[in-house]
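Worksheet: one structure, shown below.
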Amino acid sequence: MFQGRSFLKEIDFSKDELLYLIDFAIHLKKLKKEHIQHKYLLDKNIALIFEKTSTRTRAAFTTAAVDLGAHPEFLGPNDIQLGKKESISDTAKVLGSMFDGIEFRGFKQSDVEILAKDSGRPVWNGLTDVWHPTQMLADFMTIKEHFGHLQDLTLAYVGDGRNNVANSLLVTGAILGVNITIISPESLQPALEIQKLARKYAMKSRSKISIRTDLNGLENADIVYTDVWVSMGEEAQTAKRIKLLKSYQINQKVVEKIINKNFIFMHCLPSFHDLNTEVMKEIKENYNLNELEVTDEVFNSKNSVVFEQAENRMHTIKEVMAATLGDLFIPKI
C-alpha cells in the first residue's frame, strides 16, 4: 500500500493512511522502548539532503535509519551542487542510482517534487517553504497519545500563520477531523489557497476551520501550538515580526483563558523561551525582551509536551521510511 511512495506533502496520503502510519509509529515506539529490533530496512542506503540546518530532523532521520538497519549518508550544502553546478533533476537521477531512499530538507517545495519525480526512489520531505509533513506525523501522534483519539479535538495555532508548520497543521488537521483555529495578524494569515484546500478536507472529515486575529479563539482549545516568529532566512524581518506578534505570546495570562485545564502545549522547536541562546541575548539587548513566542513558565509547565513531541519525530520518521521502503505486509485500509 505504501511501498515505493514518496511523502512530499500531507495530502499524499489519505486520512486512513495517515491514521495507520500514526498507529504504526506508536507500535515502533514500543519496540524501541522494549529494545526489540526492527530492522525493516536492512542494508538499505538512505541519502539525507540538508540545504537547511537542523537538529531534530537530522537526528531523527539518522537514528531512525540506523534502528531500521539502513545506512544514512548526510549531504549538506557544502557536499553537493544541488541546483548550483548541477541541476536538481541530474542530481536526482544520480542519487536515485545509488540510494534506496532520499530525505530532503530545503528551501523550495518544487525542489523536493523534482527529486521525487526524477530519482525513481521514495523521497521524504523533511521541510520546505510550504509544507512540513514529517513534523505533522509526530504532532498528531503526540496528540493521539495524550487524548486517545483525534476526531473533534480542537487545536489552536498562535503566531505566524503563513509558515510551513501552520500550513501543514491547517491541512492535516482538516484531513484527520481535528478542528483547527489559526490565530495571527491579518498580514500573517495562511494563503487563501491553503485555506481553501483545508476547507475542502474539513468538509469530508466534518472538522471546523477558523482563521482569526484575536486570542479569544484559544478558549475552547485542547491543544495550543506556537512556533518561532522569524523563520530561517527571514532574520531581516525580526523587528517587524516582534512588533506584529508581541501581543500573540503564549503566556500564563493567555492560557488561563482555556476552559480545558488538561490542554497540551506544543512547539516544533527550537523555541525562544529564555535567555540561554545567543539569539535571545541579542533580542534582549536590542528589544529588551526575555522571551518571544512563549514564556519559560508555559514552555516548562505540566501542560507542555514539547520534548515528547520532539522524540516522536524519530518514531514517525522511522515509520514512514519503513512503510514506503521496507516491503512490509500492510493490509489495505
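Placed from the backbone N, Cα and C atoms, the Cβ positions cover glycine too.
Summarising the annotation, Swiss-Prot assigns carbamoyl phosphate binding site to SER54, THR55, ARG56, THR57, GLN81, ARG105, HIS132, PRO133, THR134, GLN135, CYS268, LEU269, ARG313 and lists sequence analysis as the type of evidence. The L-ornithine binding site feature in Swiss-Prot is assigned to ASN164, ASP227, SER231, MET232.
Structural mapping of features recorded in Swiss-Prot.
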residue : record                           : DSSP class
SER54   : carbamoyl phosphate binding site : coil
GLN81   : carbamoyl phosphate binding site : coil
HIS132  : carbamoyl phosphate binding site : coil
ASN164  : L-ornithine binding site         : helix
ASP227  : L-ornithine binding site         : coil
MET232  : L-ornithine binding site         : coil
CYS268  : carbamoyl phosphate binding site : coil
ARG313  : carbamoyl phosphate binding site : helix
Tertiary neighbours of ASP227 (L-ornithine binding site) (same chain, Cβ under 8 Å, six or more apart): TYR157, GLY159, ASP160, ASN163, VAL165, ALA166, HIS267, CYS268, GLU293
Among SER54, ASN164, the most crowded of the binding-site residues [Cβ within 10 Å]: ASN164
Rounded Cα separation (Å) that holds between ARG56 (carbamoyl phosphate binding site) and ASN164 (L-ornithine binding site): 16
Cβ-centroid neighbours of L-ornithine site ASN164, ASP227, SER231, MET232, 8 Å, sequence order: LEU127, ASP160, ASN163, VAL165, VAL228, GLU234
Packing count at HIS132 (carbamoyl phosphate binding site) (other Cβ atoms within 10 Å of its Cβ): 27
Site extent for L-ornithine, whole Å (max Cα pair distance, ASN164, ASP227, SER231, MET232): 12
Cα-nearest neighbour of SER54 (carbamoyl phosphate binding site) within the listed binding-site residues, ASN164, SER231, MET232: MET232
For HIS132 (carbamoyl phosphate binding site), the one of ASN164, SER231, MET232 that lies nearest, given that the binding-site residues are compared by Cα: ASN164
Neighbour tally for THR134 (carbamoyl phosphate binding site), based on other Cβ positions within 10 Å of its Cβ: 27
Site of maximum Cβ density within 10 Å, from binding-site residues ARG56, ARG313: ARG313
